[in-house]
Each structure stands twice: as structure tokens, then as C-alpha cells.
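The block underneath contains the structure these notes are about, expressed in C-alpha cells.
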Amino acid sequence: MKTVSSTCSLFLTRTLFLVLLIPSAKPDPDPLQDYCVADTSSGPPPFFINGYPCIDPKLAISAHFVTSALSKPGNTAANPFGFSVTLTSIRNMPGVNTQGLAMARVDIAPLGLVPLHWHPRASEIAIVIQGNVLVGFVDTSNRLFIQQLRTGDSFVFPKATMHFLYNLDSLKVALVISGLNSQNPGAELVALASFVSNPVLPAEVLQKSFRINEQDVLRIRRNLGG
């Protein structure tokens, strides 16, 4: 009987610990006020903080909470993959500061690709506004979840999972709008992080990781502009 009681007590303790821990695992902390319009007038602050300083709330106006940045198509020819991402930020929407969210416009050229990448601080939900897009992510057990999306379809990429978006149309640009649950979700492209980091990863590490030879490493770096 004592063993059962001890087991129940231990279970309740662990459950309570998880209940208290889960809310603290959010990507961004909850704001302590209605809003914290970012003060961008003097550039980056002279000290490091997790966020951006606020202006006096009495100086906040409606214009701080609106942006037209996502209305403008991006340049999909700016990189060899054929995609462009425009993200809301404190620069184009100061009122987003401390709100724990961001939106992105993703333009993908015909047969263009948003290559394998992840967002270390955010989950992402994407809706196809225009086009025929193949999307997918890989979980930590290396299981692939893949889906073809058409106009109006939505898909969620769990936090920090490696994922991609590929425009299946050979003639038309695809347009995707994404919502992310972090003010600064970050994005790390697998290919660039692996082969054109600064300074570069040792060739031996890449050879053993990807089971390739030294010539392969040099060729891939050259193809990626490294």
C-alpha cells in the first residue's frame, strides 16, 4: 500500500511539474502591457535585450499597427532557388513588438523551391493564396509528412521541424501567406548552413555526415555560391 501511495505521489508531482513547465515553453514571452510599440528612431539599443525598447504608450498611433509590406511581390530571381520571403517586423510594423507573432509573404517562381529549412523559434501555418504547391516536413523520427496544396488550402509546420515548399506549376508564380508564433522566428537553410557557413565547416565533417567525397563538397559549395 505504501508503494502504491508513493507511486501516486510521484506521478502527481511529475504531472504538476509538467503543467507548470508547459506554459513556460512558449517561443516568445507574453507581453506585460497592451502593446509595446518598438522605438526604432535611434537604431539598435546600445545594450542587449530580448526584444526592443518601447515608445511612450501615449505616443502610439494606429499607423504603428499596420503595414502594406506583404502587398508587394518579392523578387524570386534574387537567389538560385527561385523564392522570396517578405516578413513583418518592427521596421515595417512597430506595433508587432512583444506580440509573439509574425506574418510572411512567400513568392515562389515557376518550379521554384523554398529549400529545406527550419524556424528555431516558431511553428508556422501556411495558406496558399495562389498556385499549386507541394509542402512537407520531417519529424524527429525521420518520418516525412508531404501534401499537395491548392489555392485556399492550409498546412502547419511544427516548431523547428525541417520543411520545404515547392511550386509545382511550370508557368505561374505561387503565393503563400504564413503566420508564425514568434516575433523573430529565424530561418536556417539546411544547404547553406551545411556548406557555406562562415567560417566553413571542415570538409571531413561534411564528407562523413553526407557520405560524399572532397570533390562533392567543393562542387556543392561552388553551386551554392560559397
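Including glycine, each Cβ sits where the backbone N, Cα and C put it.
Under the heading Mn(2+) binding site, TrEMBL lists H117, H119, E124, H163. TrEMBL lists H119, E124 with the feature oxalate binding site. Taken from TrEMBL, the feature disulfide bond applies to C36-C54. For 68-218, the entry in TrEMBL reads domain 'Cupin type-1'. What TrEMBL records for 1-27 is signal peptide.
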Same chain, 6+ residues apart, C-beta under 8 Å of the C-beta of H163 (Mn(2+) binding site), given in sequence order: L116, H117, W118, E124, V135, G136, F137, V138, F157
Segment-level pLDDT (mean, integer) for the domain 'Cupin type-1' (68-218): 97
Distance, C54 (disulfide bond) to H119 (Mn(2+) binding site) (CA atoms, angstrom): 26
Neighbourhood of C36 (disulfide bond), C-beta criterion under 8 angstroms, separation at least six: G51, Y52, C54, N97, T98
